[in-house]
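J.: When I checked TrEMBL for this same protein, it listed these features:
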type   : residues  : note
REPEAT : B:56-90   : repeat 'WD'
REPEAT : B:126-158 : repeat 'WD'
REPEAT : B:173-204 : repeat 'WD'
REPEAT : B:405-421 : repeat 'WD'
Amino acid sequence: MAEMQNSNPTILNVADLPTRSRSTVKSADYGNGIFAAVANPADFLSSDSEDDDLLEEPIDEQEIYDLIKTISDPEHPLSLGELAVVSLPDIFIKPTLPNVPESPLQTVTVLITPTITHCSLATVIGLGVRVRLEQSLPPRFRVDVRIKEGTHSTGDEVNKQLGDKERVAAALENGALMQVIAKMMETCQ
Amino acid sequence: MAEPRISLISDLTPPSLERTWLTAPHPTLPIVATCSSDKTVRVYSLTNFKLLSTITGGHKRSVRTCAWKPHVQGESVLATGSFDATVGIWRRWDSYRNNEAINGDEQDVTGSNADEDEEWRFAVLLDGHDSEVKSVSWSPSGMLLATCARDKSIWIWEDLDDGDNNFETVAVMQEHGGDVKCVAWHPVEECLASGGYDDTIRLWREDLDDWGQVACIKKHEGTVWFLNWEGPETMPASESSDLQNQWQEQRALSGPRLVSCSDDRTVRVWCRLPKETSQPGMSSSAATGIPSIIRPSGTDETWEEDALLPHAHELAIYAVAWSQKTGLIASVGADGRIVVYEERLVAPSPDSDAMETEPSTRPSLQTEWAILAVFDGAHGIYEMNHVAWANRADRGSEGAAEEILVTTADDGSVKVWSLQR
């Protein structure tokens with residue numbers, strides 16, 4: 001990392017990154033949403049576990065994006081969201097076993113766009129995204145992180161590494177590599 | 001006849017709380033060893049499904065793999081392979097045999113664990129690999145140990161059995177183009193199979209004191225995660241014993257087959273072409289990629305795809321197990337599904353004229369593989385890393401003929417299943 005590979009990346013303004021604008025949604029919900037019919041929302045929340053399951057907020061693409069957009073680039077003092085390495089339209093959530101409707105398994109696919117096509121840090125960035133999601137999401141999610149087609153010279157090679165469970169597991173036990181990953185995560189809440 | 005069904009017998013308890021990679025059933029005793037990311041190996045009883053002892057302190061990272069040495073009298077010898085790049089050899093006198101816990105009479109064995117742990121003697125650390133060890137396998141005689149790693153190499157060690165725990169490096173093979181994920185010895189011959197990150201399966205034999213590659217199979221379109229050999233004595237299912245006899249004669253020429261599973265979501269069976277019938281036109285270099293001028297062509301073998309098993313997995317398949325007793329194959333993987341397949345002999349149709357198809361060296365007798373049973377979500381939402389067949393031991397002697405499946409998963413759980421037919 002002695003020499004920067006891409007010294008002049010395109011940067012997006014944080015204010016322009018896609019958000020859910022939570023505050024407005026929430027206040028609206030309290031007035032007219034599901035809680036309106038309940039005298040005391042706290043009672044409703046503490047009801048039996050079946051109801052709690054129904055209340056579980058489904059995890060959507062925006063939430064995945066929010067989890068990974070704040071990861072720092074290992075090379076620039078910028079986030080993966082600002083550098084458009086990750087972007088909302090390149091995140092997909094699908095049932096893992098479409099033929100087994102009762103299966104709770106879901107696959108999160110994140111396509112990564114490296115800032116330059118020969119970026120040797122693509123694997124580290126991909127690993128960071130995968131680790132972040134595996135640590136944040138419930139275990140029923142299968143995480144699939146890959147390089148967006150045509151955006152990297154050795155994309156297939158990087159994808160194979162990122163998809164290799166055994167290599168990822170071994171990487172998590174590698175102190176030096178995990179220090180780099182931990183540094184990238186410092187900017188995540 | 002009722003529909004074949006996979007049903008849970010028990011969990012092994014208490015489980016590891018971290019990912020468990022593999023479970024190795026002991027060759028003779030009703031015990032299994034399980035390898036965990038928590039750097040330990042747990043030994044459980046298959047009689048009461050309780051923890052017997054925990055092997056700790058040997059490895060600095062995940063224990064990825066282990067294998068019991070066959071044909072050891074009065075003692076159990078276990079080889080363990082770890083992400084710390086080393087292979088450990090452990091020994092323990094077979095006192096489990098007299099232990100009440102193994103007979104299932106004693107409910108509580110946890111109290112004696114502290115003492116039991118100490119009975120595992122660390123014998124030797126085999127140091128040679130540069131990176132994570134992925135798989136270890138003992139040869140059928142127990143004389144040779146094969147190990148493989150992310151450093152793309154396979155090492156063959158000879159156990160000198162000199163009472164001093166000395167091992168000698170017999171060979172280092174570096175032909176694989178990526179991590180070697182698995183090694184597995186032929187059940188009878190000194191022939192080693194390996195598979196890996198370069199999507200290939202390779203076969204290795206000793207020729208004039210030199211270990212060399214005798215075949216390279218390039219058909220999988222993803223990492224080859226696991227290999228297992230057919231038992232020397234099993235047969236496909238058939239109503240006709242005549243057909244089975246005929247099939248056995250054919251099989252005698254080519255020997256046990258090999259099954260592989262891959263990231264490409266396929267399970268495939270491979271068969272060696274009998275030497276006598278190898279096509280003279282086929283260049284030996286096609287098999288190994290090595291010009292025959294360098295290698296004597298006499299050692300090269302031609303391995304063909306014998307069967308592509310019915311598609312049954314949606315994600316990577318991490319392990320496959322070929323029952324040495326029943327000939328059934330089981331596979332598991334990231335989709336959390338156990339699948340059991342059965343091979344059946346196809347009665348030759350009187351109309352089919354051998355001349356219609358191209359002249360071939362394939363045996364005329366055909367088999368087909370059918371899915372016998374499927375179990376979804378075997379470990380809940382967790383991925384499964386390994387499956388093995390073992391002898392059922394929890395119901396006394398009448399269960400001796402029955403086999404169980406042992407599956408190993410990411411949440412650390414290990415489950416024991418029966419296949420009801």
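Using N, Cα and C of the backbone, Cβ positions are placed for all residues, glycine too.
Please treat TrEMBL annotations as automatic predictions, because they have not gone through curation.
Remember, predicted model here, so these are calculated numbers, not experimental data.
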J.: Could you give me the DSSP helix, strand and coil counts for the repeat 'WD' (B:56-90)?
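T.: Counts, helix then strand then coil: 0 helix, 19 strand, 16 coil.
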J.: How does the repeat 'WD' (B:126-158) divide up by DSSP, counting helix, then strand, then coil residues?
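T.: Reading the DSSP string over the repeat 'WD' (B:126-158) gives 0 helix, 19 strand, 14 coil.
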J.: List the helix, strand and coil residue totals of the repeat 'WD' (B:405-421) as derived from DSSP.
T.: 0 helix, 12 strand, 5 coil
J.: Mean pLDDT, the repeat 'WD' (B:173-204)?
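T.: Residues in the repeat 'WD' (B:173-204) carry a mean pLDDT of 97 in this prediction.
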